Amino acid sequence: MLISKTVLSGLALGASFVGVSAQQNSTRWPLHDNGLTDTVEWDHYSFLINGQRHFVFSGEFHYWRIPVPELWRDLLEKIKAAGFTAFSIYNHWGYHSPKPGVLDFENGAHNFTSIMTLAKEIGLYMIIRPGPYVNAEANAGGLPLWTTTGAYGKLRDNDPRYLEALTPYWANISKIIAPHLITNDGNVILYQIENEYAEQWLDEETHEPNTSGQEYMQYLEDVARENGIDAPLIHNLPNMNGHSWSKDLSNATGNVDVIGVDSYPTCWTCNVSECASTNGEYIPYLKLTYPQISYFKELSPTQPSFMPEFQGGSYNPWGGPQGGCPDDLGPDFANLFYRNLISQRVSAISLYMLYGGTNWGWHASTDVATSYDYSSPISENRKLIEKYYETKVLTQFTKIAQDLSKVDRLGNSTKYSSNPAVSVAELRNPDTGAAFYVTQHEYTPSGTVEKFTVKVNTSEGALTIPQYGSQITLNGHQSKIIVTDFKFGSKTLLYSTAEVLTYAVIDGKEVLALWVPTGESGEFTVKGVNSAKFADKGRTANIEIHPGTNNVTVSFMQRSGMSLVELGDGTRIVLLDRSAAHVFWSTPLNNDPAEAGNNTVLVHGPYLVRSAKLEGCDLKLTGDIQNSTEVSIFAPKSVCSVNWNGKKTSVKSAKGGVITTTLGGDAKFELPTISGWKSADSLPEIAKDYSATSKAWVVATKTNSSNPTPPAPNNPVLYVDENDIHVGNHIYRATFPSTDEPPTDVYLNITGGRAFGYSVWLNSDFIGSWLGTATTEQNDQTFSFSNATLSTDEDNILVVVMDNSAHDLRDGALNPRGITNATLIGPGSYSFTEWKLAGNAGFEDHLDPVRAPLNEGSLYAERVGIHLPGYEFDEAEEVSSNSTSLTVPGAGIRVFRTVVPLSVPQGLDVSISFRLTAPSNVTFTSAEGYTNQLRALLFVNGYQYGRFNPYIGHQIDFPVPPGVLDYNGDNTIAVTVWSQSVDGAEIKVDWNVDYVHETSFDMNFDGAYLRPGWIEERREYA
């Protein structure tokens, strides 16, 4: 974009520009509402809530990926503490609907209502995205797996069968959400219809309507409205290739109130090659030039530039690196890319993900394994990583930068800068004249150190800044936002080359926090005051003060930590380096999401500050501490005592409204050793004398499939979903008669999704496995009977155990799972007498509704409940107390189980993860070369919290949260180990403490209701 002529012609006075700009824009951009309420409005610039403009900075988490309702508060408090104004969630139709006509919004984490009440209590706006399709790398994209049979049509269209199937969920979830809308004194501000569904047009250029897609979207909107949803309806387009659902483009059926677009400029997966068709060649930090400005100008010119999903990280696919791919998605990514969005005048952002969580059970799509850490700012084990803090220094700023919610982009050029390697975008509020200059490398992959000055336009004329001090520095993959005419309380910052972090008005005086990395220079000018002094006694100041007639300029070289400058009128300027800014908290004394600067205390030092409350003269703070920490608190002078996590602290100093104290100590916790393992066979089904007559078994009798990919006609339908079986490991048991000229082989064609595998037995003899790969979804293979003994006088029994990785996303949700073709091969003509399939306990009528419907598969150990607390493991064999390994001799499946007590002291947040390893004589190469060919499942108190495929997926650490773990009681740990080789398998299981924090959060909550135990009915599924 060309730089504004106003700037090029000498940077004319801001005052004259402001008047013209305001006049033009007041007539150009209409203010919209949805015709039902004006509580939430919007225009070209931003959203308005209750008449006040907001820069909406949000982030996503999924309650169904952390199935402990008590921990949702922990996450929301961490989101609030960082300065986010909002958060977003997907709901999950499949999680709430185990079978047609059945909905569960009550059991355990299925009851998500507390999230909405917490949003109100804590003070966060909420964007809710109920689907019915959500993608999210969830199994079938969040659709119920009973819809994947083909019986409901192609899905996500106006097929009456599909609409009838989704209506109970859609109507009920709308009713549940409606009382929590902002129109009903709740905090839900936006309601999303569908997800990344760019299906309004058959032809984008001619706007030939896609009637099916339009009617589908309109149906969802109508049902939502009929059931109480009167908040604005939104939609997120998947990329900038489509132009659907915008009222600015057409009045076509299905339009939503506000349209947005999702963006993953690096890649949505750690395997960046998968994004080449959308993003082009991957070059780290290059994709900053997405044409958001021109795209929004075409798509939604009278609506805010809105990104319902912007890259908060990437998922780790099967075969991806251990621990994910945080390197190119770390603090530098957050610093550079999120400021770049601001430079493009985006005023509503939601990071995907802010907390990723865990694909426990079979929640994952076929693309990913157990971890959904996503390299998010809040890690899978709930730890705040450096990326969180680097994001926080921006979200704290956008929350108090009220003028940022209405800006025009006047230019973007290297001509603002004295250094041609540095580009600057100018944003200016047309009403107030406040401006924001976003600086970054002209060639964004560059990580060089660049120094420069910037030409700015201020209310006091054109300036080149800094005026006195050393030049501004960009060091590496960094961006800086330089403000001019920035309001903080009643004061105005004429300019600052140090970034604004936050401010508060305390006792009628402003406290402004600025930050710049250690060793770099900063300079600021405050209007309306003409003197300043360095207020840190005992510390050497590297600071210059330049008084003016009606302002004062301070130039400084940033030292390590925090310093304080006092202006002549009592205004205080806090100078912070990056590390100090990371732990500098702006904590409101109320729960108003819009609170910006008033009713706030500032706290420097702790790992986390969750809340602040002023009761009389007692200041009560809550939060978390990693170790002994020096803390400074900017609070009213009336404060007479400070309580931290309910305990009165010893105040070292309380001068000038700054209270200093020391908090915490070195908290420690040691885990007991995991021992006392017992073991039993978990594949009795291969034995010839096994009777497949329990309630676990269904006889395959269906001859015609509803799936668009029909199976071979020589057998009944063997797709698991058409037999009411949906997730996990599946067991087929087929019989065929003995003959004089018996078959010599069996041909199998099986589809199970990426990373799936299967093993085959004949008459108890192992005849082979398909080990699987990270990318292969289907395999056909012929297995010889040469290693098995065929029966001469009775039926032969063929057993196939398959690992159903998951259902695919989008249109691929209909891809079948199970056996497409099973054919006996030999000199004669053969057919199977009967096929049976083992289902999970209860099939679609789950015996364990708290953990259902995506937790359990069909292994014997799961069906009878060996993985559950309270199971009497009478058939078990003791594992040697000297053994550090769990072993399976030969090919087969065994279950290992033990019970380990925990006793975590009150006041500690102890994060625990399990580590599974499988020794081999090679590293991660190929399945064939890996000598420990196994698949294992980790169960903790009944929850499947780890899928371990060492030769395919490289995840070895599996965090398990409190609530799933009993922190003050016995914990049932079970591991099923499936050896896919005659050589047998060996696995090692251990656990580790990831971190220990002193916390105000009650981790000793009663989570027993989340861990229901074994019931007698399980025996019926043996």
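Each residue, glycine too, has its Cβ placed from N, Cα and C.
What you are looking at is a predicted structure, and each value in this text was computed from that prediction instead of being measured.
Here is what Swiss-Prot records for this protein:
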SIGNAL    1-22  signal peptide
BINDING   Tyr90, Asn135, Ala136, Glu137, Asn195, Tyr264, Tyr374  substrate binding site
ACT_SITE  Glu196  active site, proton donor
DISULFID  Cys270-Cys325  disulfide bond
ACT_SITE  Glu309  active site, nucleophile
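In sequence order, Tyr374 are the recorded positions from Asn135, Asn195, Glu196, Tyr374 with a C-alpha within 10 Å of the C-alpha of Cys270 (disulfide bond). Here the Cα atom of Cys325 (disulfide bond) is found 21 Å from that of Asn135 (substrate binding site). Each of the binding-site residues Tyr90, Tyr264, Tyr374 was scored by the number of other CB atoms within 10 Å of its CB, and the largest score is that of Tyr374. For Cys325 (disulfide bond), other Cβ atoms within 10 Å of its Cβ number 22. Most Cβ neighbours within 10 Å, among the active-site residues Glu196, Glu309: Glu309 holds that distinction in the structure as shown.
Note: Asn195 (substrate binding site) has non-local neighbours Tyr90, Arg129, Gly131, Tyr133, Val134, Asn135, Gly141, Asn236, i.e. same-chain residues 6+ apart with C-beta under 8 A of its own C-beta. DSSP assigns Cys325 (disulfide bond) to coil, not to a helix or a strand. Listed in sequence order, the residues of the same chain lying 6 or more apart from Glu137 (substrate binding site) and placing their CB within less than 8 Å of its CB are Tyr315, Asn359, Ala364, Ser365, Asp367, Val368, Tyr372, Leu809. Every protein chain considered, the tally of other Cβ atoms within 10 Å of the Cβ of Cys270 (disulfide bond) stands at 24.
In this entry, Tyr90, Asn135, Ala136, Glu137, Asn195, Tyr264, Tyr374 make up the residues listed for substrate, with the farthest two CA atoms of the set 19 Å from each other.
Comparing Tyr264 (substrate binding site) with Glu309 (active site, nucleophile), their Cα atoms are 8 Å apart once rounded. The two recorded residues, Ala136 (substrate binding site) and Glu196 (active site, proton donor), show a Cα separation of 11 Å.
Separating the Cα atoms of Tyr374 (substrate binding site) and the residue listed as 'active site, nucleophile' is a whole-number distance of 13 Å.
The 10 Å shell around the Cβ of Ala136 (substrate binding site) contains 25 further Cβ atoms across the protein chains shown.
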